[in-house]
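Student: Dumping what TrEMBL says about this protein:
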type	residues	note
TRANSMEM	25-50	transmembrane segment
DOMAIN	41-296	domain 'G-protein coupled receptors family 1 profile'
TRANSMEM	62-80	transmembrane segment
TRANSMEM	100-123	transmembrane segment
TRANSMEM	144-162	transmembrane segment
TRANSMEM	182-203	transmembrane segment
TRANSMEM	244-270	transmembrane segment
TRANSMEM	276-298	transmembrane segment
Amino acid sequence: MPNASSWSASSPLLLLWEDSSGTRIFLSLLYAVLAISGTLSNVMVIYLVFSFKKLQTTSNAFIVNGCAADLSVCALWMPQEAVLGLLPPNSSSLRSAEYRLLRGGLLGLGLTVSLASHLLVAFNRYVLITKLPSVYQALYQRRHTGCMIGLSWALALLPVPLLPGLWTLGSAQSDGSSRYTALLLALAVLGQTALLLHCYLGIVRRVRGSAKRVSVLNFHLLHQLPFPAAPPPPRRAQRRLSSVSVLLLCCVFLLGTQPLVWVSLLGFFLRPAPPALQAASWLLLCSLSALNPLLYTWRSEEFRR
């Protein structure tokens, strides 16, 4: 079994740290499952939003933007990894620098825009809940919304040249540039997570302090009755359900992003984490691309209809 120092030169998969056939087949099947489920769920959300005018809201525009970015990972990147994992490790196509750059670019572009869309959705709902309606309407005009979405893609293109350095993360022979690339990635995700938590915890505080406003808002974080004729739930239960929904979303997001952050910081300041831990952290981050559509629609009565 090759050690970690040979991984960057021989491994076809970003998450694969050993060349045993069992591991390669397992990861290929896992990529295939994530690719199929993620592609179907992201396409379904995009189709529903474009097909039903009632779903064409500002918040859903940011969700669709995230789904489009997730398709870059689920529909374009993951299928390649699933196929490449079944090829011999010494295949010439796996050693092509241009092809490695293409795969890294697809992954980096999709994940960056997806994470930015998470933040745009959180900030949109934070402004909706905590600010005056006039402030929300002035900030989220159609032109401004389009600029925010375009900016998320423009900013995502800036770090794409750094992506080849990610292929050598964890290697004992990795140079200083890959270590600083890992640090940059960790700090970017950490900053984005802090802003997202600030928005959602601000929503929780506002929801808990204003049950009347909770009852008239209509989006997935807030409690929605299963039947139109059902009596309204008690305010305390309503606030509890709303808070649980927000906290569950935050927990899933933290579970998907934070392992990679702390593994990268550990590798920069101390020593590289065990290969299996690095592989698991990348897998969790990439799996968010398949889970995001469910994460943002499972509490929405309109999407369920």
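A Cβ is built for glycine as well, from the same backbone N, Cα and C atoms used for every other residue.
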Student: Mind pulling out the one from 25-50, 62-80, 276-298 with the most Cβ pairs under 8 angstroms to the transmembrane segment (100-123)?
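Tutor: Checked against 25-50, 62-80, 276-298; highest Cβ contact count belongs to 62-80.
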Student: Give me the mean pLDDT over the domain 'G-protein coupled receptors family 1 profile' (41-296), rounded to a whole number.
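Tutor: Per the prediction, mean pLDDT sits at 77 for the domain 'G-protein coupled receptors family 1 profile' (41-296).
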